[in-house]
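Below is one structure, written out as structure tokens, with a few remarks after it.
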Amino acid sequence: MTFRVDTPVLPSTLVAAQDWSPSSWTSKPVLQDVDYPDQAHLNKVLEKIGRLPPMVAPGEIHRLRQQLADVAQGKAFLLQGGDCAELFDYCSQGPIEAKLKVLLQMSLVLVWGARMPVVRIARMAGQYAKPRSKPTEMHEGQEILSYRGDNVNGYDPADRAPDPERLLGAYFHSAATMNYVRSILAEGFADLHHPSNWNLHHVKSSHLRQEYQTIVDRLTDALDFMKTIGADPNAGGAKSASPLSSLSTVDIFTSHEGLLLEYEQALTRKMVDPVNPSQQKYYNVGTHFLWIGDRTRQLNGAHVEYFRGIENPIGVKCGPSMKPDELVALLDILNADKQIGKVTLITRYGADQVDKYLPGHIKAVQESGHVVVWACDPMHGNTKQSVSGVKTRHLIDITRELSQAIRIHKQYNSHLGGVHFELTGDRVTECVGGSMELLDAELLDRYETHCDPRLNYEQALDMAFLIAKYQEKQRGFSGVMSL
């Protein structure tokens with residue numbers, strides 16, 4: 001692969017503390033740890049993973065760092081999305097293409113609405129582990145281990161013993177997924193989803209369908225115009241710097257929660273810094289972007305210790321339990337030299353809690369001097385129990401949290417730089433509402449998640465259209481509904 005370096009990232013002014021190493025986290029308290037019954041087997045697997053080749057290159061990681069620095073400064077928009085918990089079975093042509101399709105279509109709508117580049121990060125190729133509130137659960141009157149994700153144990157109640165071989169499986173499934181993503185993007189997969197081919201028949205409201213169709217028509221006209229004047233490189237003209245200049249060559253970065261630190265340590269390598277070739281730094285070469293969950297962000301904890309030493313851009317989930325001074329202390333540890341866009345704060349409060357907590361977090365960060373990417377995760381704080389007996393989320397709550405986050409950032413002279421969704425490209429029935437007006441009674445039709453409910457293809461596009469309409473309004477157009 002070739003790497004485009006559009007704008008340089010300033011080198012770090014501080015070298016990671018001398019007492020940091022990929023294994024220094026082992027001296028700290030570890031939450032959400034996995035108790036493997038055969039430690040020798042685990043060590044053998046980790047040694048094997050440590051010898052396997054990198055899945056991503058430092059140049060790709062720095063390219064994402066550059067793009068997130070633009071997001072932090074209001075020059076680009078972040079779209080991060082994918083499964084709550086990936087399954088090994090999702091490492092297949094159909095599921096991979098479906099997720100890429102929805103992310104590409106969402107990003108195109110957002111590019112049109114904001115008139116700025118969109119940074120695409122998929123929760124893909126590694127999101128195999130999940131934190132759990134309890135290590136065990138009850139099944140048919142018996143206490144069994146909780147399902148911790150495909151890289152730990154099986155979903156089948158009879159397959160709950162942690163198996164180190166699943167870590168090796170996580171590596172190979174991640175590598176295969178990344179390989180296929182790179183291959184089809186290089187072959188022009190993104191160009192196959194031109195807006196003229198989109199189907200909006202799922203939108204039940206005729207008024208809303210017409211609004212969506214208007215956006216699609218204008219997108220189509222813009223792309224056709226670019227081809228006509230030769231601005232689209234695929235049409236044979238000179239390459240344009242416009243964010244709409246090409247659909248066939250796009251960046252898709254990968255991400256997952258950095259939960260199992262033994263696995264992350266095995267994939268942490270000291271490699272040449274592509275920005276300063278005379279230096280070597282530590283990179284997690286298993287993905288481009290990792291985040292710390294709300295359950296594992298303790299200041300003196302193992303996860304924060306591990307994350308502070310890697311060059312990858314990192315995310316931190318920010319919920320109601322995060323105190324403003326704790327947030328600043330966390331940023332000081334994770335990004336001591338205050339590199340722009342190094343940290344993405346992924347806020348997740350719940351629609352009824354945004355007003356209470358987000359203003360304090362914004363003010364604390366502003367006063368600290370850190371320049372972060374602010375992203376809204378309107379999913380996790382809005383999970384409810386459905387009448388059908390399964391977990392669900394309502395699109396009206398998701399939209400409400402997102403719209404309040406946008407309003408509050410604007411009120412405090414801040415900038416909401418992106419969104420973080422749990423979604424799938426499949427037509428599952430896990431969340432209620434949206435333009436298809438999915439009902440609670442229909443949830444069991446295709447309720448397939450092994451963890452939390454996801455937006456389906458149509459609902460994910462709904463969110464993109466809503467955000468694009470807001471962005472268009474901010475650019476001064478009239479007659480557009482606000483979020």
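Placement of Cβ uses the backbone N, Cα and C atoms for every residue, glycine included.
Per TrEMBL, the features are as follows:
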type	residues	note
BINDING	Cys84, His380, Glu422, Asp452	Mn(2+) binding site
BINDING	Arg123, Lys317, Arg348	phosphoenolpyruvate binding site
- prompt: Which residues, same chain and not among Arg123, Lys317, Arg348, have a CB within 8 angstroms of the centroid of the CB atoms at the recorded phosphoenolpyruvate site?
  reply: Glu257, Trp291, Gly293, Asp294, Gly315, Ile346, Asp377, Met379, His380, His420
Message: Could you check which of the binding-site residues Arg123, Lys317, Arg348 is the closest Cα neighbour of Glu422 (Mn(2+) binding site)?
response: Arg123
- prompt: Could you tell me the C-alpha distance between His380 (Mn(2+) binding site) and Arg123 (phosphoenolpyruvate binding site) in angstrom, no decimals?
  reply: 15
- line: The sparsest Cβ environment within 10 Å, among the binding-site residues Glu422, Asp452, is found at Asp452
Task: Run through the Cβ atoms and count how many others sit within 10 Å of the one on Lys317 (phosphoenolpyruvate binding site).
output: 21
Message: Cβ within 8 Å of the Mn(2+) site centroid (Cys84, His380, Glu422, Asp452 excluded): which residues?
response: Met379, Thr383, Cys451, Pro453, Arg454
- request: Measuring Cα to Cα, tell me the gap between Arg348 (phosphoenolpyruvate binding site) and Asp452 (Mn(2+) binding site) in whole angstrom.
  value: 14
- line: As a whole number of Å, the Cα atom of Lys317 (phosphoenolpyruvate binding site) is distant from the Cα atom of Cys84 (Mn(2+) binding site) by 14
